[in-house]
Each structure stands twice: as C-alpha cells, then as structure tokens.
Amino acid sequence: MNFEGKMNGSELKVAIVVSRFNDFITGRLLDGAKDTLVRHNVEEDNIHVAYVPGAFEIPLVAKKLAKSGKYDAVVTLGCVIRGATTHYDYVCNEVAKGISKVNDETEVPVIFGVVTTETIEQAIERAGTKAGNKGGDAALATIEMANLLKNIESQV
Ligand SMILES: Nc1c(NC[C@H](O)[C@H](O)[C@H](O)CO)[nH]c(=O)[nH]c1=O
Ligand SMILES: CC(=O)[C@@H](O)COP(=O)(O)O
C-alpha cells in the first residue's frame, strides 16, 4: 500500500501565520504562499491569515489555529535576519522548536516557512528573486502534507 499527497488543494482549508517583523520580506513570502495555494485550487475563501508581531510569536498562534480543528494545515511565514547580538540564535531556535512541537502536539501539518538569514540580501533572494520564494515553497509542502494525511487517514 502506498500513501501520497496530491497537489490539488480544492478541498483544503489553510491558515497562514505571518510575522510583521521584516515585513518587506514577509509580505512577499505571504504573496508567494497565497499565489501558490490559489494556483493549486485552494479557494481564496479557504485561506485565512493571522498576523503576529515577530517570528517568536508564530508557534503560539499556529497552535491555536491547528487545535481549532478548522484547518487542514497551517503555513508559518517569517523572516529572521542576524543582527549584532546573539538574539538571532535564540529567536531562530525557539521558533523552529516551537513549530515542530505544534506538529507533534496537534498532528496537523504546520509548515516551516520562516526565512533565517545572515544578511538582508539573502532574505531578498528567498522572497521572490534569485532563490525563488520560500513562501511559495512552503505552500507546496502544505498542500502535499495536508492531502497526504487525508490519504493516510482514509486507508488505515
Ligand atoms: N529580530 C527579529 C525578530 N525579533 C522579535 C521577536 O520575534 C519577538 O517578536 C520579540 O522578541 C517579542 O517577543 N523577529 C523576527 O521575526 N525577525 C527578526 O529578525
Ligand atoms: C534576529 C534579531 O533578533 C535581530 O534582528 C536583533 O538585532 P540585534 O542582535 O542587533 O539586537
């Protein structure tokens, strides 16, 4: 028996948690994610967006949305850019751990679309320029994972 997540999102309800910090970047990640979801047949009315102050706040809101039972998956979008202190390391580590924990606790796909870079240029490259759009990439993973879990649940 094989399990597969098809790339048709017509039956999916998706929440997006996006941080406002570095919104020059996160706004483009959000555009990329929404465009990719719609181009894979997710209804615009089935895409709900929650804004948080910074990446550190993403896990809490992602957990709230995942636990609501109203969404097949949650996309998380943020941008953490290293500054002059070690603050970057703490934010990145806690955000990654927090999002992973929400996956484990809720068994709802919570996709990691947080860009973590050393420089602003690296972030720009990943927000719709030479390295693509990580928001769009996260949306693709979201559709596949949501449909994969539905496929597993229908067969086992
Ligand atoms: N430096 C960045 C932050 N810092 C803010 C934290 O995420 C958090 O909002 C604050 O510590 C209050 O709890 N956030 C980012 O998203 N990106 C950064 O580069
Ligand atoms: C990732 C951050 O928290 C960072 O932007 C903070 O900058 P700094 O380390 O210069 O305070």
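Placed from the backbone N, Cα and C atoms, the Cβ positions cover glycine too.
Per TrEMBL, 5-amino-6-(D-ribitylamino)uracil binding site is recorded for Phe21, Ala55, Phe56, Glu57, Cys79, Val80, Ile81, Phe112. Taking a C-beta cut-off of under 8 Å and a sequence gap of six or more, Cys79 (5-amino-6-(D-ribitylamino)uracil binding site) has these contacts in its own chain: Ser19, Phe21, Asn22, Ile25, Thr26, Leu29, Ala55, Val114, Val115, Thr116, Thr117, Ala123, Ala127. Secondary structure at Cys79 (5-amino-6-(D-ribitylamino)uracil binding site), as computed by DSSP, is strand.
A coil conformation is recorded for Arg126 ((2S)-2-hydroxy-3-oxobutyl phosphate binding site) in the three-state DSSP classification, outside any helix or strand. Under the heading (2S)-2-hydroxy-3-oxobutyl phosphate binding site, TrEMBL lists Ala84, Thr85, Arg126.
Secondary structure at His87 (active site, proton donor), as computed by DSSP, is helix. The active site, proton donor feature in TrEMBL is assigned to His87.
Taking the C-alpha atom of Phe56 (5-amino-6-(D-ribitylamino)uracil binding site) as reference, the shortest distance to any of the recorded positions Ala84, Thr85, His87, Arg126 belongs to His87. DSSP assigns Ala55 (5-amino-6-(D-ribitylamino)uracil binding site) to a helix in the three-state reduction. Take Ala84, Thr85, Arg126, the residues named in the record as contacts for (2S)-2-hydroxy-3-oxobutyl phosphate: the widest Cα to Cα gap among them comes to 23 Å.
By the rule that a residue counts when its Cβ sits under 6 Å from some atom of ligand 1, the binding-site residues Phe56, Ala84, Thr85, Phe112, Arg126 yield Phe56. Non-local neighbourhood of Val80 (5-amino-6-(D-ribitylamino)uracil binding site): Phe21, Asn22, Ala55, Tyr88, Val91, Cys92, Val95, Val114, Val115, Thr116, Thr117, each in the same chain, at least six residues away, with C-beta under 8 Å from its C-beta.
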